[in-house]
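Below is one structure; the comments refer to it alone.
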């Protein structure tokens with residue numbers, strides 16, 4: 001890809017995200033979302049492979065439909081209340097339409113069908129952007145309108161997303177699809193808590209982004225796209241494979257690691273809100289996710305394939321990428337002891 005085109009796309013992504021998260025007016029937020037969509041499409045279709053082109057078209061159609069719904073929701077709210085302010089979304093129908101639109105943008109069940117396919121058609125770095133940065137503006141809009149959203153609808157979506165993210169991930173062999181269903185499952189946890197503690201949703205999203213970035217960058221370094229490739233990656237970078245196992249277990253939410261913190265806080269908050277049943281259901285459903293994270297971790301470090309690859313250990317790696325991956329890995333493994341300090345921010 002032309003460096004100038006890549007720079008323009010990257011700057012447009014930053015601009016679109018900044019406009020959406022800092023705007024008070026619905027039309028400005030919508031414009032930011034549109035800039036974001038148009039900026040990521042060249043990055044998705046960059047490989048010039050039929051699957052990449054298909055992914056770009058699917059992504060464009062879904063995001064265009066969701067953006068139209070956002071605009072329709074804000075216009076119907078303005079028609080009923082005379083308000084264009086994002087925080088003044090008080091009309092029930094507009095609130096329902098907005099929840100649907102944001103669910104489409106995020107890939108929440110039942111609007112999740114596009115997400116695994118688009119991730120599978122993208123490169124690992126583009127998939128990382130789609131899983132983290134592209135989710136930030138829609139989550140910000142949910143954060144700003146959280147006081148007027150429908151709790152029943154969001155709880156149903158949350159349980160369905162956690163269930164489907166777990167079930168569908170069990171049978172996958174492609175790493176990007178596994179991480180796509182992992183993303184859907186994590187979004188279910190965020191949707192469950194957005195009304196009761198919006199700041200906790202943002203904290204969960206930040207920690208999820210941190211752990212997902214670690215996994216994607218590690219996989220990008222080892223060039224592992226499916227389970228057999230993950231299995232043979234240890235011959236190239238043994239240390240990286242070992243830290244990948246810890247990052248995956250953190251993403252699964254096992255106690256000594258960073259990923260346990262958001263799940264613990266969400267279950268605690270749901271229990272305080274007398275939603276013990278919901279908390280129990282999503283906690284049990286997260287065991288499905290734990291299975292495929294354990295399978296990935298097992299493949300990356302414990303299993304030795306029958307025929308090892310002829311790769312020698314890499315004696316030289318890209319220094320800037322290695323430093324970033326090492327920093328992210330350290331954070332995604334060891335932030336749990338800092339939880340008292342993190343709790344002061346929410």
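A Cβ is built for glycine as well, from the same backbone N, Cα and C atoms used for every other residue.
Because TrEMBL annotations are produced automatically, they should be read as predictions rather than curated entries.
Beyond the signal peptide (1-22), the same-chain residues lying 6 or more positions past its ends with a Cβ under 8 Å from any Cβ of the stretch are 28-29, 31-40, 42-43, 46, 129, 133, 136-137, 140-141. Positions annotated as signal peptide by TrEMBL: 1-22.
Taken from TrEMBL, the feature domain 'NADH:quinone oxidoreductase/Mrp antiporter transmembrane' applies to 23-288.
As annotated by TrEMBL, transmembrane segment applies to 56-75 (among others). If one looks beyond the transmembrane segment (56-75) by at least 6 residues along the same chain, the residues whose Cβ comes under 8 Å of a Cβ in the stretch are 26-27, 29-30, 33-34, 37, 40-41, 44-45, 84, 89, 94-95, 97-98, 100-102, 104-105, 111, 114, 117-118, 121, 130, 141.
Residues or ranges marked as transmembrane segment by TrEMBL: 95-115 (among others). Long-range neighbours of the transmembrane segment (95-115) within the same chain, counting only residues 6 or more positions beyond its ends whose Cβ lies under 8 Å from a Cβ of the stretch, are 33, 58-59, 62-63, 65-67, 69-70, 72-74, 76-77, 89, 130, 135, 138-139, 141-142, 145, 148-150, 153-154, 157, 160-161, 163-164, 180, 183-184, 187-188, 191.
What TrEMBL records for 152-171 (among others) is transmembrane segment.
Feature annotation from TrEMBL assigns transmembrane segment to 178-196 (among others).
The transmembrane segment annotation in TrEMBL covers 202-219 (among others).
According to TrEMBL, the transmembrane segment annotation covers 240-261 (among others). Same-chain neighbours of the transmembrane segment (240-261): 182, 207-208, 210-212, 214-215, 218-219, 221-222, 233-234, 286, 289-290, 293-294, 296-297, 300-301, 325, 329, 331-336, 339, 342, counting only residues six or more beyond its ends whose CB sits under 8 Å from a CB of the stretch.
Tertiary proximity for the transmembrane segment (281-302) is limited to same-chain residues at least six positions away from its ends with a CB under 8 Å from its CB atoms, namely 158-159, 162-163, 165-167, 169-170, 172, 175, 178, 181-182, 185, 188-189, 192, 227, 230-231, 233-234, 241-242, 244-245, 248-249, 251-254, 263, 266-267. TrEMBL lists 281-302 (among others) with the feature transmembrane segment.
Taken from TrEMBL, the feature domain 'NADH dehydrogenase subunit 2 C-terminal' covers 290-343.
Annotated transmembrane segment per TrEMBL: 323-343 (among others), in sequence order.
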Top partner of the transmembrane segment (178-196) among 152-171, 202-219, 323-343 - counted as Cβ pairs under 8 Å: 152-171
Residues from the same chain, set at least six apart from the ends of the transmembrane segment (202-219), whose C-beta lies under 8 A from its own: 124-125, 127-128, 131-133, 135-136, 139, 143, 175, 179, 182-183, 186, 189-190, 193, 225, 230, 240, 243-244, 247-248, 250-251, 258-259, 261-262, 265-266, 321, 324-325, 328-329, 331-332, 335, 342, 345-346
Distal contacts, the transmembrane segment (152-171) - CB-CB under 8 A, six or more residues away: 96, 99, 103, 108-110, 112, 116, 177-178, 181-192, 194-195, 275, 278, 281-282, 285-289, 291-292
Non-local residues, at least 6 beyond the ends, that sit with Cβ under 8 Å of the transmembrane segment (323-343): 203, 207, 210-211, 213-214, 217-218, 221, 240, 243, 246-247, 250-251, 255-261, 265
